[in-house]
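Chemist: Okay, here's the structure, questions in a sec.
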Protein chains: 4
Amino acid sequence: MKKPIILINFKAYENSFGKKGVDIAKRIEKVSTEYSTEVILSVPATMIPILSQEVSLPIYAQHVDSYPLGAHTGSLLPEMIKEAGAKGTLLNHSEKRIRADEIHDALIRLNRLGLESVVCVDRYELVEPMALLKPTAILIEPPELIGSGISVSKAKPEVITNAVKEISKVPGVFIIAGAGISSGEDVYTAVKLGADGIGVASAVMKAKEPEKVVEDFIKSGIKAMDEKNDRN
Amino acid sequence: MKKPIILINFKAYENSFGKKGVDIAKRIEKVSTEYSTEVILSVPATMIPILSQEVSLPIYAQHVDSYPLGAHTGSLLPEMIKEAGAKGTLLNHSEKRIRADEIHDALIRLNRLGLESVVCVDRYELVEPMALLKPTAILIEPPELIGSGISVSKAKPEVITNAVKEISKVPGVFIIAGAGISSGEDVYTAVKLGADGIGVASAVMKAKEPEKVVEDFIKSGIKAMDEKNDRN
Amino acid sequence: MKKPIILINFKAYENSFGKKGVDIAKRIEKVSTEYSTEVILSVPATMIPILSQEVSLPIYAQHVDSYPLGAHTGSLLPEMIKEAGAKGTLLNHSEKRIRADEIHDALIRLNRLGLESVVCVDRYELVEPMALLKPTAILIEPPELIGSGISVSKAKPEVITNAVKEISKVPGVFIIAGAGISSGEDVYTAVKLGADGIGVASAVMKAKEPEKVVEDFIKSGIKAMDEKNDRN
Amino acid sequence: MKKPIILINFKAYENSFGKKGVDIAKRIEKVSTEYSTEVILSVPATMIPILSQEVSLPIYAQHVDSYPLGAHTGSLLPEMIKEAGAKGTLLNHSEKRIRADEIHDALIRLNRLGLESVVCVDRYELVEPMALLKPTAILIEPPELIGSGISVSKAKPEVITNAVKEISKVPGVFIIAGAGISSGEDVYTAVKLGADGIGVASAVMKAKEPEKVVEDFIKSGIKAMDEKNDRN
């Protein structure tokens with residue numbers, strides 16, 4: 001992962017898949033390339049093989065199951081998303097919660113396969129416990145702000161501050177802030193508060209000009225990272 | 001759907017996806033073409049767009065969620081599988097059970113989108129209740145025989161007979177028999193007992209020469225259908 | 001069950017258990033006795049042995065699991081509620097949905113033990129499918145009206161009418177209407193539309209004088225039943 | 001909690017409830033009193049009010065839900081078990097797994113109510129993460145040994161050793177070992193390896209003379225604690 005981390009969750013909107021999904025991914029790729037940065041796209045399962053071909057950005061799944069290969073009809077397994085071109089996956093998103101043992105089982109598999117992983121949590125008290133299970137990053141999102149347009153940066157900066165403090169106890173795991181992130185200012189604030197990047201969905205997916213929103217995020221993220229002298 | 005229905009559930013085996021998944025699908029396509037019949041392949045989500053391109057057989061999902069389009073991270077929705085080229089989906093497989101209200105919600109969406117649907121049940125008492133929700137077909141599989149190599153045709157023919165009786169109360173819904181189907185004889189028996197076709201997974205997916213197994217199934221299914229004068 | 005069926009779901013309110021739970025049950029018992037009718041109380045698991053001792057009304061569980069007796073930590077099984085004095089149970093309440101196979105497994109056990117069962121559904125299309133599984137009654141509740149104070153009788157009378165039509169296809173199963181039932185008038189309307197009774201929770205549990213609310217329900221239910229000449 | 005901790009999970013056996021459940025509890029109480037020690041009984045929900053009256057031992061629930069009081073039909077809430085006389089509860093048993101956020105929500109409530117809590121985990125890697133959420137104790141049980149009669153003490157002593165090492169990172173949380181514990185020797189070994197006590201189910205619940213089994217456990221636990229000079 002490359003800081004500032006910008007992770008766009010496509011979710012399951014009407015423009016998250018099919019031609020519209022390819023179109024929005026290409027627009028984001030363009031602006032990402034301009035700034036020589038990297039934007040992660042977390043997409044529906046059917047879009048992984050398509051977007052892995054169509055764009056050069058890192059493609060993530062939105063969830064994986066932790067079953068071993070075998071008789072598991074309807075499951076999406078780490079090996080499948082790797083084969084389809086994914087670089088990593090979200091786990092435990094508030095819209096797809098799983099148990100701690102399932103998270104750990106999935107992380108063991110993902111790590112073995114060289115896939116990245118972002119474990120979502122809804123409170124800072126779960127940052128250290130989940131970080132101990134060795135994901136690539138933790139994404140903290142107060143669920144009441146998800147999709148609200150009111151950003152965690154403004155409404156609950158202490159959630160970010162606390163999460164940053166917690167993650168420092170487990171070296172080598174990134175911390176990403178999310179929920180309601182809508183503007184470059186939200187990104188700037190989150191990074192200055194100590195986050196390694198941000199997660200976003202509706203502000204990009206529902207935008208008329210998603211590439212402009214992403215550009216604003218990238219510029220603000222880079223500016224904050226540079227001020228922290230912490231970019232890589 | 002075309003009788004005799006032969007539905008192959010790829011499940012999540014090591015050869016269900018990637019190049020191996022394409023290879024097995026092409027072998028099945030070849031024998032299916034020879035006999036001018038049709039074999040349904042129910043495949044992992046990431047394989048839907050790939051196999052819809054690579055083979056001419058009807059591709060099914062193994063499960064869909066019933067949420068509306070929107071903020072549903074990690075869900076696979078009817079619209080997504082249609083866009084990816086699927087012709088239908090399994091629902092409520094014993095390895096991915098869902099509730100009756102979720103089945104009904106999914107069926108409304110699938111029917112509206114012109115997608116086929118196969119609702120799995122584990123007992124004949126659920127055949128009529130689920131058929132009333134208007135799927136394309138019901139697949140009955142006693143779970144203790146799934147993957148056992150002991151076929152429902154031989155070990156529990158009364159399950160098929162009862163299911164056939166139940167389905168007759170709801171005109172317009174096919175009945176498919178599954179669990180342990182391993183040989184052409186199993187297929188022949190199931191169809192003669194009144195089933196419109198069969199569902200299979202391990203006997204094909206774990207075979208050294210899957211195309212031979214499928215050929216045997218096709219020939220036996222056609223023979224039984226012809227004897228019943230019930231083919232279409 | 002005795003018509004008009006009046007089923008009070010205690011849910012998990014602050015007054016649903018402990019001394020407050022016993023107090024409200026006794027008030028309801030008093031008015032029920034006055035009118036020589038019967039009111040069913042569906043109560044938290046810990047209250048089943050207590051209320052079975054304290055009041056003469058039929059006590060129901062709010063849910064049972066369908067596992068066999070054995071190594072099932074944390075489960076509430078049909079045999080347990082019977083032993084504790086329950087006469088029956090709700091199943092598949094919108095706040096505790098289970099799958100169709102679990103409903104059927106539980107009903108087999110409940111029927112064998114001589115316990116009554118009320119399977120909840122959220123739409124009329126599930127009335128016949130669930131009735132075919134042989135519960136004592138179906139309780140239909142449009143979930144958007146539950147706890148709303150806007151009654152199904154007024155806002156969606158067609159839900160009751162359709163449910164009554166559907167239940168007529170399966171002789172021997174009662175139909176109960178619920179969601180938002182607040183007044184005697186709501187009860188009267190529901191019964192006149194063909195329901196065998198009503199289900200209620202918040203209108204009683206949150207009332208200052210629950211016994212008055214229940215009295216109003218009983219009187220209106222009896223009046224409607226008498227007018228239909230259908231009481232028993 | 002009093003060391004050596006001996007926690008007996010009644011599960012849902014045929015003798016876990018009703019008169020048989022009271023009988024077995026009384027036998028255990030008798031031997032417990034003889035040795036001036038304390039044995040925790042984790043019992044079905046309907047048995048909490050009964051056993052809290054009938055025996056002087058600490059009674060635990062086997063699970064609680066983490067919902068707030070309110071419209072939660074079929075849930076067993078911390079307030080309910082306290083009102084019914086419970087001293088604490090198991091959480092996340094392998095037969096009733098819940099998510100980390102649910103565990104944390106439940107623990108906040110239990111701690112506020114002064115109730116004890118034992119969070120079960122299936123691997124040592126989850127000991128520290130779950131201990132950070134502040135339960136009274138962690139119970140580690142390799143699931144493949146549960147009910148097997150092959151004890152964790154003999155078959156997987158390293159699971160206990162690792163768990164003991166992990167728990168030492170979070171002061172104030174007890175560690176209990178379980179799975180397959182059948183003899184006094186198993187208890188002795190577990191305690192000597194560093195556990196604060198043991199959890200058991202089938203070895204007691206399926207015994208002809210459960211009081212003798214428990215006596216053996218108590219004696220061995222006390223002996224090991226005395227040798228460690230660590231009893232309290």
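Counting begins at 1 with the first residue displayed.
Placement of Cβ uses the backbone N, Cα and C atoms for every residue, glycine included.
Please treat TrEMBL annotations as automatic predictions, because they have not gone through curation.
The active site, electrophile annotation in TrEMBL covers A:His93. The feature active site, proton acceptor is assigned by TrEMBL to A:Glu141. Among the features that TrEMBL reports, substrate binding site is placed at A:Asn9, A:Phe10, A:Lys11, A:Ile146, A:Gly180, A:Ala201, A:Ser202.
Each of the listed features needs to be described in terms of its position in the shown structure.
Modeler: According to DSSP, A:His93 (active site, electrophile) is assigned to coil rather than to any helix or strand. For A:His93 (active site, electrophile), the number of other Cβ atoms no farther than 10 Å from its own Cβ, over all displayed protein chains, is 29.
Annotation for A:Glu141 (active site, proton acceptor): spatial neighbours A:Ser94, A:Cys120, A:Val121, A:Asp122, A:Val152, A:Ala177, A:Gly178, A:Ala179, A:Gly199, criterion Cβ-Cβ under 8 Å with sequence separation of six or more.
Taking Cβ-Cβ distances under 8 Å and a sequence gap of 6 or more within the same chain, the neighbours of A:Phe10 (substrate binding site) are A:Ser16, A:Phe17, A:Gly21, A:Ile24, A:Leu41, A:Ser42, A:Val43, A:Pro44, A:Met47, A:Gln62, A:Ala201, A:Met205.
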Chemist: Within 10 angstroms of the C-beta of A:Lys11 (substrate binding site), what count of other C-beta atoms is obtained when all protein chains are considered?
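Modeler: Cβ-Cβ neighbours of A:Lys11 (substrate binding site) within 10 Å number 23.
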Chemist: Which three-state DSSP class does A:Gly180 (substrate binding site) fall into?
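Modeler: Looking at the DSSP assignment, A:Gly180 (substrate binding site) belongs to neither helix nor strand, so coil.
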Chemist: Give the distance between the Cα atoms of A:His93 (active site, electrophile) and A:Gly180 (substrate binding site), rounded to the nearest whole Å.
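Modeler: Taking the Cα atoms only, A:His93 (active site, electrophile) lies 15 Å from A:Gly180 (substrate binding site).
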Chemist: Starting from each candidate's C-beta and looking 10 angstroms out, tell me which of the binding-site residues A:Asn9, A:Ser202 has the most other C-beta atoms.
Modeler: A:Asn9
Chemist: Let me know the largest Cα to Cα distance in Å among the substrate-binding residues A:Asn9, A:Phe10, A:Lys11, A:Ile146, A:Gly180, A:Ala201, A:Ser202, as an integer.
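Modeler: Value for the max Cα separation, rounded to a whole number: 14 Å.
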Chemist: Taking the Cβ of A:Ala201 (substrate binding site) as the centre, how many other Cβ atoms fall within a 10 Å radius?
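Modeler: Total other Cβ atoms inside 10 Å, all chains included: 26.
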Chemist: According to DSSP, which of helix, strand or coil covers A:Asn9 (substrate binding site)?
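Modeler: Going by the DSSP assignment, A:Asn9 (substrate binding site) falls within a strand, counted as strand.
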Chemist: Would you mind listing, in sequence order, any of the recorded positions A:Glu141, A:Gly180, A:Ser202 that have a CB less than 8 A from a CB of chain B?
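Modeler: Near chain B: A:Ser202.
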Chemist: Let me know how many other Cβ atoms fall within 10 Å of the Cβ of A:Gly180 (substrate binding site).
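Modeler: Here the count is 24.
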Chemist: May I ask you to report the DSSP-based helix, strand or coil state of A:Ser202 (substrate binding site)?
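Modeler: In three-state terms, A:Ser202 (substrate binding site) counts as helix.
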